[in-house]
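Lifted from TrEMBL, the feature list:
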| type | residues | note |
| --- | --- | --- |
| TRANSMEM | 65-89 | transmembrane segment |
| DOMAIN | 133-315 | domain 'Aminopeptidase N-like N-terminal' |
| DOMAIN | 355-561 | domain 'Peptidase M1 membrane alanine aminopeptidase' |
| BINDING | His426, His430, Glu449 | Zn(2+) binding site |
| SITE | Tyr512 | site 'Transition state stabilizer' |
| DOMAIN | 656-966 | domain 'ERAP1-like C-terminal' |
Amino acid sequence: MSTASAKLLAGEDFASDDDLVNDWPSGANQRLENEDASVVPPVRLRLASSKPNRKRQRLHRISSCTAFVFASMACFLGIFLGLLLVLAANEKCNTQLHNDSSISVAEKRVKNISSECPTYPWPELRLPTSVEPVKYTLTIRPNLTTFVSTGNVDIDLNINSRTDLIVLHAHGLNATSYQITVDGTHINAQKENCEFLGQWAFKLSNAVNQGEKVQLSIRFVGQVSDDLVGLYKNTHYGSDGSKSYSAVTQFEPTDARKMFPCFDEPAFKAVFQVSIERERRHTSKANMALQKTDIVDGQIEVDHFAPSVKMSTYLVAIAVFDFANVTEMTKHTTHPIRVSIHANQDMIKGRADLALETAIKGLEYLETFFKVPFPLEKQDLLALDDFAEGAMENWGLITFRDSLLLYDQNRSTTRSKELIATVVVHELAHQWFGNLVTMKWWNDLWLNEGFANFIEYFVTDRIFPDWKLMDQFYVENLLPGLYLDGMTTSHAISVPVHDPAEIGGIFDAISYQKGASIIRMFMGLSGEEPFKLGLQEYLEHYKYQNAEGSDLWEILQKHISSMGDVSLIDVATAWTTQVGYPLIQARLENSGTTLVIFNQTRFLSLIDERTDDRMAHKWPIPIIYKTDSTMQSKTVWMKGSNGRNLNVILPTPAKWVIANADGSGFYRVLYDQAIYNEIAKQLKLDHTALSAVDRAAVLYDAFSFVKSGHLRLETLMNLLAYLESGKETDRAPWVVVLGQLRQIEDLIEDPDMIDTFQTYERRLVAATYSNLGWELTESHSDRQLQAEMIAFVCRLELQDCVQSALIRFSDWLVDNSSIHADLLPVVLAEGVKHGNVSTWQRLFTAYLNSKVPSEKSVFLHAVAATRDLKMLSKFLAYTLDRHMIKPNMMPRAFEFLMTNPIATMRCWRHLRLHWKEIGDLLGETTMIGSTAKMIIQDFATDFDYEEAKRFFDGKELGSSRARVDQVQKLFLAQTVWGYGTLPPPRDQIAHRAAS
């Protein structure tokens, strides 16, 4: 599943799929035992206000910004509010933060089995291992008129130990008949169901023994559902108003059981021979290539597909549709691979080229890199109207949200182009990491997603080097991971998962972004070539099998010799099995000739969560440093076991040091005041002396440390001062700054303070806005920065920006090709904001009629900016009508609405009032959690917290529970802020704004 998926805010155009899974503000209250004068004891600042919320329109979210957006809500908020009321720590917050008495989902489910299924013979969440599947012969008949699915499956079984019980998964299916044979002889069996567990158990009349050949044959009936999981209905509306249906599948993590009875756990790998019965007017696809087609009668045909390679059930996929396609063969792979892009006829023309080019180049590069041939004859990529995730890596039949596969060079943004390429590569990487070698159980999900997330940047950077994607890795991976991992609601990368109901909760920034960041850290420590050789041996050794994290580390250890006396296995174990990450401090001594790294401690955002047991974690940390006098980075190790300071003798005296060069390590660095002063001077003198990533990292950590009270506000403002010159043209630092400032302003409720703060913001961005202007730039990265900066400045209501946008909006009304796609989001949003009812209706009609998926998101964002209450009410009503706003767009629709000041409380009321209808529309997907997250993530008062807690307590959220719990913890953190600066923040901000 793509990064886009997990997060799963399904991303389109100027907003990333990462937004939907990755929900991240910045974290920072950290207890430090430090004599450094720059470390100020954190105090509490209460932000509640009786004044109405005065949120301002935010820059359209982009995946890289979103990571900081949430991560940074806290950093300045209390500071910039200018409130001086300092409150002592209160017991109420402690109670809110430490509700450790709750039992896990798995424990609750186990307790309920006996009441839900009192006579069921296997009262366990996991299947027994006494029986395992070898081969499935499956025929499936999805009827696209009645939406009933019928099928039959013959499962050849291995008996690992004597048993009289065969247990497998089935959910929402009815068995019309079944038969069990042992060595060809029929035996009697009694079938029992436990729908609560999604299991069927067959109690045999005679026990079967190890080595006997057993076949289980079942005829069954199910549904082609509406809820985007299992076998479900994909609906397409044509330009002429016609409606057509497709049948497609989404099985990860545990929904194969909704289409056919199966052993639905990743370790039960088997061969699948699939046949699909369909109407003659349709085409069908499966994981493997088509072998033959039989004609049943004049209108019905049966497609028979080749036996699959050995694989897990969650990777099985079928599709029945009437799509068009574009096809090309690879030229530089072991054998030619047929790569095809499939989409609706009225959407594919001229929009498949980017995905096809990326898929061809990606397969060729990955096969060379991994030295393991792609084993299939073909690779199909399907663009779907209705898809809950971003994309899904089904072996040989990858499915995508249409906005992440179809690119229109005239009407899609640069960000959309980048997203499509990276998501395609992400899913192709899974064909090796995840499909060829699969985790034994979901606790090692990160082996799939962390590697695919890293590879999507690494390989796309090689395919399109001008995009400089590895420069974006820091802001799009480390920051989301650092944020979420700074809370006690986080989990280790390798996390125990006992119940399938808990699996959806770990498709998050830890498995994806932190996992990818740790992999990048290890590659950087070992060197690319040794790391690559280790991966090649791992894939060759475990192909078509299941593996654990320890299996990978043992093989990599053999190829890595550059870590001295530090064991990769020990390092990997510490970083993947411990929750959280370290904060270290750094200073220069002896006239700048000695770098001192000291006081390793776990980073936690909330002071109340910093209990002794939580703070006791230690990590072996690779300190990757460079200084103003030695710009070539070097590595030394701070071993977590001895707890000693690390003293590094520098070859030449240094004024400043970067102790996590290029964001290579997954940790935070707090510098002493002298180093911060020198870095601020350097940024003003020549900011390029620090790399773009180093600038972004220093600024991001500084925002976080101000929030936690460990850094003076004045220090942060000194660091930011260099931006006023307009010379900062790299996107990474601006992504951090714009995201942080935007979230801070959104939470300020004091009208006077908003004005003061916005004046300060304008001072920081004015010169850069002027330099970038409105004329389209050539660079891939510069185009994105230009669009982000213009949107930010227009949100600040700078007259030049608003007027420029409205002039272009008038031009667009006459000629809708007059505005480049990168500038269209802000132009249309400003047009609607300052327009009338007919303006809104025209844009919403454009949303309904557009056949460019990424463009639809632009239109939806624009209509969400309305200031007309009637139009806002109509928009909210449309979220309940799948014909107007598709359910898979609901999280994005509310994300857009929540940037509109007049919509926020109405959205919250709408969610509570229509909870059941929303749940029915979104079904058993994590989209219910994403939708809730979009609405409550910016709440910042105790009242909001209590309201949300009251509403969600006791709600059946399934795999969305973890997401809702996490976001509630986030806005709890937003009600308490640390600062330690005097004079009052208001005065400091006012002084900076006026100077």
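Quick reminder: no glycine exception, Cβ is built from N, Cα and C everywhere.
Residue environment of His426 (Zn(2+) binding site) contains 32 other Cβ atoms, counted within 10 Å of its Cβ in all protein chains.
Just so you know, the Cβ of Tyr512 (site 'Transition state stabilizer') picks up 33 other Cβ atoms within 10 Å once every protein chain is counted. Computed over the domain 'Aminopeptidase N-like N-terminal' (133-315), the whole-number mean pLDDT of the model equals 96. Ranking the binding-site residues His430, Glu449 by other CB atoms within 10 A of the CB puts His430 at the bottom. Rounded to a whole number, the C-alpha distance linking Glu449 (Zn(2+) binding site) with Tyr512 (site 'Transition state stabilizer') is 5 angstrom. Rounded to a whole number, the C-alpha distance linking Tyr512 (site 'Transition state stabilizer') with His430 (Zn(2+) binding site) is 13 angstrom.
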